[in-house]
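These notes concern the structure reproduced below.
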């Protein structure tokens, strides 16, 4: 069925759902649209003085996704023919990851300053992409949340990449993803290998595919009970995990601001997720980080990761014996055929990443036929979240990423 949808809609992807196709001032952004409850990315980019476009694309299975384009800045004017860099966020996050650190620090801005045409993707279900042509994400009984990161890789990334290439007139682009943004890429490139030729270079920041050696206490505690939790959530009609809301944002601002005695508690919650690295966390920025994340995700995205931890395999969603037989023709879900990933891939990893263990990254590397290489961040305390929020990410990581992109132009 997925292949049927894709064949019917792929020719229309480049033209469906475009909302804004020009550099826009703040007043023209749809901030009053109740279907887009927050536009944090747009607010940040315009505040920082960079040019901005907002685009929408409809996937082959009906999800309406928002992308942001930063085509230039006053210091680096908009012009035709710039090489394209596409950035994809991680789980429970959004495109704001790549701008929230501000000029001179955030990857999106550094790429714009280096002369790139930067596009920021948003996966289905986050605050920028909570729309579907049929399904209501807020209805109690809805099929909107019936997806995991498999569908993000199989439907969302192809739709956004096709749109970006059609709009810019390019035939290929550079891709950088963090965490789930790497997982979904490997889904796309292995299940739809024609997309490999559309990738000039791929930069996997904290790559997550194999997961059996991760150290995160949250995943380790949750994973053994994933089947029971999935059943309970289904019975309760809860399909969205950690939706963003104003109460959570306000709480983060009050509890985590500089004057709050609880700010260090907020910092330690972040460290428990991805690893401890106190010098790289800008504590003043924590309220803004919590406005961005959690940005919403489906329960199935978490379940799919827990399944990967339990099985030690990088494979499709496990629906249980009966449904697996119906969907896959086997009692177990198939592994993703990583040997079909032929795009040049650079794996950027660190020793203190609690969600992307070094041994798991090396396992992923062993399955890739065209790897640029394994690149360790030299800071021994660098954690999973530092790849997008670290104070010195430019020095430790982004300079190398941009240098590699330049090499593949």
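From the backbone N, Cα and C atoms, a Cβ is placed for every residue, glycine too.
Automatic prediction, not curation, is the source of TrEMBL annotations.
Listed features, source TrEMBL:
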type	residues	note
ACT_SITE	179	active site, nucleophile
ACT_SITE	353	active site, charge relay system
ACT_SITE	384	active site, charge relay system
DOMAIN	42-101	domain 'Partial AB-hydrolase lipase'
SIGNAL	1-21	signal peptide
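Counting only same-chain residues six or more apart in sequence, the Cβ atoms lying under 8 angstroms from the Cβ of residue 384 (active site, charge relay system) belong to 179, 206, 273, 274, 275, 353, 354, 355, 356. Taken residue by residue, the domain 'Partial AB-hydrolase lipase' (42-101) breaks down under DSSP into 10 helix, 21 strand, 29 coil.
The Cβ neighbour count for residue 353 (active site, charge relay system), using a 10 Å radius and every protein chain shown, is 28. Neighbours of residue 179 (active site, nucleophile), defined as other CB atoms within 10 A of its CB across all chains, total 28. Note on the domain 'Partial AB-hydrolase lipase' (42-101): mean pLDDT across this stretch is 96.
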